[in-house]
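*Asks:* The annotation transmembrane segment is assigned in TrEMBL to 6-27, 47-66, 78-101, 122-143, 155-175, 187-211, 273-296, 333-356, 376-396, 402-427, 434-456, 504-525 (among others).
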Amino acid sequence: MHFTTVDYIIFALLLVASAGIGLFYAFSGGRQQKTSEFLMADRSMSCLPVSLSLLATFQSAVAILGAPSEVYTFGTQYWFLGCSYFLGLLIPAHVFIPVFYRLRLSSAYEYLELRFNKTVRICGTVTFIFQMVIYMGVVLYAPALALNAVTGFDLWGAVLAMGLVSTLYTALGGLKAVIWTDVFQTVVMFAGQTAVIVVGASQAGGMGAVWKKAVNGSRIAGLDLNPNPLERHTFWTLGVGGVFLMLALYGVNQAQVQRYLSSRTEKEAIMSCYVVFPCQQIVLCLGCLMGLVMFARYGEDSPLDKGYVQTNDQMVLYFVMDVFRDLPGLPGLFVACLFSGALSTISSAFNSLATVTMEDLIKPYFPNMTEAKATLLSKGLALVYGLVCLAMAYIASRMGSVLQAAFSIFGMVGGPLLGVFCLGMFFPWANPTGAVVGLVAGLVMAFWIGIGSFVMRMPGPTPLPPLNTTASPLFDNMTTSVMTTLVTAKPRPTGVEALYSLSYLWYSAHNSTTVVVVGLIVSLLTGPMKEKELTPGTVFPVLGTLLFFLPERYREKLCCITPLGQKPKENTQPYQMATKDSNGAAFCKEDTVTEDKEMESDRALTEDEDLEARVVPSCQLRAHTVQETAM
C-alpha cells in the first residue's frame, strides 16, 4: 500500500498552507517587530481561535494514532477520561487564568518569581525546557516512523518536511501565526478522522452493525468503580486521576498559558476554556468511534497478530490505507490530519520555549536590551529550537526501546510543576525554600517510580522491542500520551512493586501532592511567609473562603486573608509587575493599597483637568460666535 500522486499533492498542500499563514503574518500588521507581538500576539486574540489552538496544541499525532488502537484492543473504558475534562478545564478557567491574566505575565514562570523568588522561577523554567525538548523530537519522529513502515513514505523526508515547515512559520509569524495555523490544522484533523469513520462504517454495514459487533466482541465497557489505584483504567483513574493531568496541561503549562495571555480580555480567556470542553469531547468520541470501526472490520484478527504491522501504533495507518485502498486522495487527507497534529504540537513547543528562554533566562540579565534586538533574538531562539527538534528526532531514531522511556520522562515532569504552582497559589505560608525542596522531591519521586516501573516490566535480559509494542495508548495530550506501560495479569504486587505498578493516570496526582506536602513541611520548619511579605494577587483566596467562620485575627495569623482582587476593567492593569527592593523584600500589601488610592486620586484629578480643557475652549468658541453675530 503506497501513496498516489493525489495523496502527495494533498499532503503538500497542507505544508504549503501552514507555511503561507506564517509568511502572511510575517509581512502584515506590525510584521512581528515587537516582542509583545511575536511572543504574545499583541494580546489581541479572540476566543474562538484561542480555543481551537488550545485543543490542537496537545491533540498530537501520537493521540490520533494511539486512541483508536487503545479502544480497538481494550474497549471503550478509555472514554471515561472525558469525565476529567470538566474539572480539568473549569479549575484553570476560574483559578489559574484570573491569577495569570491579572498579573499581565508573558511566561508562566514569572509567577514563581513574584510568589517566591528568582531561584524558583529558574528551576521551573529549566524543568519545562527539559521536558519539552525531549518530547519535541519524539512527537516528530514517531508518526514519521509509523508512516514509513505502512506506506513507504520516506522517513527522513517526512521528518524534515514537518520540522522545517513548523520552524519556518513559527520563527517568521510568531504566536499569531501559530494560533491561526492551529485553527487550520484542527479543521484538517476533524476532516481526516471523520472521513475515516464515515467510509469505514459504511464498508462495515453502517454504525448499527459496528455497534453490534463491538457489543458482541465485549468492546463496549461499563462503569468500573474499582478504587484500586494499581488498575490501569477504571472510572476513578480516568475521571479523577485524569483531572490532575488536565490541570498540568491546561492550568500551568506554558504552551497553554501563553494562549490565555494572548486573549484580548480575561473574559475571552475564560470563555476559551469553556469552548475547548465540547471540542475535547468531540475529539475523544472520534477516537473511540474510529477504534470501534477498526474492530468491526478486523474483529479479533488484528493486523498486528497477522504480522502486517510491527507495532500497535501502526495499526491505525494500516487501517486507513486498507479502507481507502480504492479512494485516491483520502489517504493523503488522513496523513495531512496526522501531520497537522504533529505540526500544531511542535510549533507550540517552539514558541513557548522561545518565550520562556527570552523572558526568564535572558531579559532579567539584559534589562536594557532594545525592543528590536529582543524581537530578533526571540525569532532566533524559535529557529534554534526548531533545529534542536530535528536533532532530537535523530537521537530518538537511535534510542530504540528507550523511546518509551522518553515519553515517560515527559509525563513525570508535569506533576511536580503543577505541584509547585499549587503550593504557591493555594498555601500563603509556603516559602521559597519549601518550593525548591518540594520541586526537587517531586522530581525525584517521579523519576524513581517511572524508571522503576519501566525497569520492572523489562522482559528479562532481552531489550524491549520498538516503541509501544505493548498495546498501550498514546493519548490526546502531551502528559497523558506518555505513560504507556501496561499492568499485566499477575499476582497483586506489594511493597515497592506496588508503587511501581501505580496506574500512569495517578502519576501527576501523586507527584504534585508530594511537592505540596514536602514544600509545606519545609516551609513550616524554615519559617513560613507572612501576609505582608506576599506580592498582591499571587495567592488565590481558597483558604480564606474555606475558613470564613474564623475570626479575622486567626485568619490573619494563618495568612488567609489576601484577596485576589476585583476583576479588572478592560485594557487596564490591576496589578503592577512586582518589583522588589535590593534586599529582595516584596512591597507590602498596605503600601500597595495606599498607592492604589493615590493612583485613583490622580486619575480623578486628570479626568477633571481633561473636562475643564474641553469645556473652556467650547465656551470661548460660543462667546466668539455670539460676538460675531452681534457685529
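The backbone N, Cα and C atoms fix where each Cβ goes, and this holds for glycine too.
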*Asks:* Is the number of Cβ-Cβ pairs under 8 Å between the transmembrane segment (187-211) and the transmembrane segment (78-101) three or more, considering only pairs separated by 6 or more positions?
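*Replies:* Contact between the transmembrane segment (78-101) and the transmembrane segment (187-211): absent, because fewer than 3 Cβ pairs are under 8 Å.
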*Asks:* Taking a Cβ cut-off under 8 Å, which residues six or more beyond the ends of the transmembrane segment (122-143) line up next to it in the same chain?
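*Replies:* Residues 60-62, 65, 107-109, 112, 158-159, 162-163, 253-254, 313, 338-339, 341-342, 345-346, 349-350, 352-353, 356-357, 360-361, 385, 388-397, 403, 406-407, 409-410, 413-414, 416-417, 420, 436, 439, 443, 467, 474, 478, 482.
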*Asks:* Do the transmembrane segment (155-175) and the transmembrane segment (376-396) share at least 3 Cβ pairs under 8 Å, sequence separation 6 or more?
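*Replies:* They are in contact.
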*Asks:* Which listed stretch (47-66, 333-356, 504-525) has the most C-beta pairs under 8 A with the transmembrane segment (273-296)?
*Replies:* 47-66
*Asks:* What residues elsewhere in the chain lie close to the transmembrane segment (78-101), defined as a C-beta under 8 angstroms and at least 6 residues from its ends?
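*Replies:* Sequence-distant neighbours of the transmembrane segment (78-101): 67, 70-71, 108, 111, 221, 223, 233, 235, 238-243, 245-247, 249-252, 256-257, 260-261, 263, 266, 269-270, 273-274, 276-277, 280-281, 284-285, 288, 421, 425, 473, 475, 480, 537-538, 540, 542, 564, 567.
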*Asks:* Sort out the residues at least 6 away from either end of the transmembrane segment (333-356), same chain, that have Cβ-Cβ distances under 8 Å to it, and list them.
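*Replies:* Same-chain residues near the transmembrane segment (333-356) but 6 or more away: 3, 7, 10-11, 13-15, 18, 39-40, 53, 56-65, 106-109, 125, 128-129, 132-133, 135-136, 139-140, 143, 147, 151, 153, 158, 162-163, 165-167, 169-171, 174-175, 178, 181-182, 184-186, 188-189, 191-193, 195-196, 253-255, 258, 317, 320, 324, 378-379, 381-382, 385-386, 389, 478.
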